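A.B. asks: Let me give you the structure first, and then I'll get to my questions.
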Amino acid sequence: MSQQQPVEVVTNKKRRWLVMAIVTVVAAGVISYFASPHPDGLERVAENHGFIDQAKTPSWTAWIPDYEVPGIKSPILKVGLAGVIGVAALFGVLYALTRPLARRREADNHGKGDHHPS
Amino acid sequence: MHIPDGFLDVKSCITTGVLGVGTVAYSLRRTKVSLARPEVPKIALIGAFIFAAQMLNFPIAGATSGHFLGGAMASILFGPAVAVVIMSAVLIIQALIFQDGGLTVLGANIVCTGVIGSYVGYGVYRAGIVLLRGRATKVVSFAAAWCSIVAASCGVALLLAWSGTFPLGVALKTMAGWHSLIGIGEGLITAMVVAYLMERNVAFENLPSSSKKGASAT
């Protein structure tokens, strides 16, 4: 049941993907500083019902705990830099992971590369 | 709703760990069958976008915040298998580098926000598209995203209850309650991004049936 005839497909307009890229970097690099510091839904439930203290934070792998790059004074910079590092890490990891999985052809019917004699 | 270490007991960590590894492996195989190369940078960019958007906690009632998750959005754009791969990558990097979400509960987070979020979102979206015959896609995306968040929060509630952290009834009620509010933000962002990045399938509408997608050659 692979979607035989999707009503809508992901756009190929480069401009829209460029806008997404800019939104992504600005969101992670700048707007992230203005995010709400309040506990999220699960933390709220855990606080209200007295099991928030069960949470443990293992720190041995976390280079950038709580989205703040250690050793930077400016609060907006340390959050923004953490965001940009995360964005770059995700782009890189997903690109490296999915690229070998993808088939080589560009599109099905455009037939530029295939050489049928007749 | 990243679960931290310490909320779940050993049996739920192991069970969800096995489930998580299994679904990620399955999703990678499905992705390998269906993925075309031009999609690769788009998938990578959506993963980066989801990471960025997850940083932006927005306030909801009572000194509480919520943030976008993105499973529904990713599955509407690329299908549920790719969405699980994207969400798992986001969760793994958040846990490893940013200390957001525990390592022992990584499987649980992948199962709830990745697998449940993506598949519920995708199911509701497809059902809505069929029922409304392709009309009101923004409403359908909103509903899909809202349902995905509430379903994921119910998954977390079930795990909390199974671990003995919290009684099941209260867990379901409070988790679903808060996340039905957070789901509004999820729905709005999803509807906007989907509307911006998706378009009518012109190839399908205009081409005669003779040039159907020929996927015979592997």
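Just so it is clear, glycine is given a Cβ too, placed from its N, Cα and C backbone atoms.
Predicted automatically and left uncurated, TrEMBL annotations should be read as such.
From TrEMBL, for reference:
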DOMAIN    A:15-99  domain 'PDGLE'
TRANSMEM  A:17-35  transmembrane segment
TRANSMEM  A:76-97  transmembrane segment
A.B. asks: Checking distant contacts: for the transmembrane segment (A:17-35), what same-chain residues at least six beyond its ends satisfy Cβ-Cβ under 8 A?
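C.D. replies: Answer is 11, 67, 75-76, 79-84, 86-87.
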A.B. asks: Please give the average pLDDT for the domain 'PDGLE' (A:15-99) in this predicted model.
C.D. replies: 93
A.B. asks: Sort the residues of the domain 'PDGLE' (A:15-99) into helix, strand and coil with DSSP and give the three counts.
C.D. replies: 58 helix, 2 strand, 25 coil
